[in-house]
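Student: Before I ask anything, here is the structure I am working with.
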Amino acid sequence: MGKLYVFDHPLIQHKITYIRDKNTGTKEFRELVDEVASLMAFEITRDLPLEEIEIETPVSKAKTKVIAGKKLGLIPILRAGLGMVDGILKLIPAAKVGHIGLYRDPKTLQPVEYYVKLPTDVEERDFIVLDPMLATGGSAAEAINSLKKRGAKHIKLMCIVAAPEGVKVVQEEHPDVDIYVAALDEKLNDHGYVVPGLGDAGDRLFGTK
């Protein structure tokens with residue numbers, strides 16, 4: 001079974017308070033999501049392997065460490081996942097960015113795939129799937145399915161808030177995928193929204209309804 005990691009860092013929790021607040025405007029909401037994504041990326045990449053190289057400082061030669069050639073891929077689930085990309089690229093500028101477009105059918109709450117664009121070397125990359133909200137889990141599970149069908153073998157899921165129901169769905173469908181969240185919320189309501197949640201992340205990021 002994939003592990004669930006809930007980040008309790010004070011900076012993350014502070015920023016999530018204002019992400020949740022309905023009075024937070026589009027500009028500030030966008031900036032906060034970007035910042036939280038950066039902070040989460042710092043933790044989610046903690047297990048990247050290192051290798052030793054030799055460099056020359058202004059003073060002497062030195063042996064030091066760099067990331068051991070791992071190829072990372074970021075996969076935002078359109079459209080809300082786009083809000084998390086830049087925050088991670090600030091720390092990992094060499095990461096490739098693919099896109100998976102999914103929307104949730106308002107009647108069935110099931111995900112419908114409408115767009116997929118991935119790096120050409122899928123099998124060689126470690127992927128991080130990005131979605132601010134893990135609600136029913138359907139979209140995240142489908143995005144992971146889409147990656148696996150195209151050859152991806154190492155996948156992590158990163159969300160800002162999650163409902164227990166969504167976590168359960170992803171863990172049952174993809175027991176090899178670890179889930180990283182900034183907050184584990186109470187439940188889903190009858191409309192499939194996370195409670196207390198943060199509303200519709202896509203609408204709040206892009207100022208739409």
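Just so it is clear, glycine is given a Cβ too, placed from its N, Cα and C backbone atoms.
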Student: Suppose a student reads Swiss-Prot and sees ARG79, ARG104, ASP131, PRO132, MET133, LEU134, ALA135, THR136, GLY137, GLY138, SER139 listed for 5-phospho-alpha-D-ribose 1-diphosphate. Which of ASP8, ASP200 should they find annotated at that same site?
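Tutor: Same 5-phospho-alpha-D-ribose 1-diphosphate site in Swiss-Prot: ASP200.
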Student: Compare the C-alpha of ASP131 (5-phospho-alpha-D-ribose 1-diphosphate binding site) with the C-alpha of each of the binding-site residues VAL194, GLY199, ASP200, ALA201, and give the closest one.
Tutor: ALA201
Student: Can you count the other CB atoms that lie within 10 A of the CB of MET133 (5-phospho-alpha-D-ribose 1-diphosphate binding site)?
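Tutor: For MET133 (5-phospho-alpha-D-ribose 1-diphosphate binding site), the count of other Cβ atoms within 10 Å is 26.
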Student: Taking the Cα of ALA201 (uracil binding site) as the centre, which of the binding-site residues listed as ARG79, ALA135, GLY137, SER139 lie within 10 Å of it?
Tutor: ARG79
Student: Here the binding-site residues are ASP131, ASP200; which one has the lowest number of other Cβ atoms no more than 10 Å from its Cβ?
Tutor: ASP200
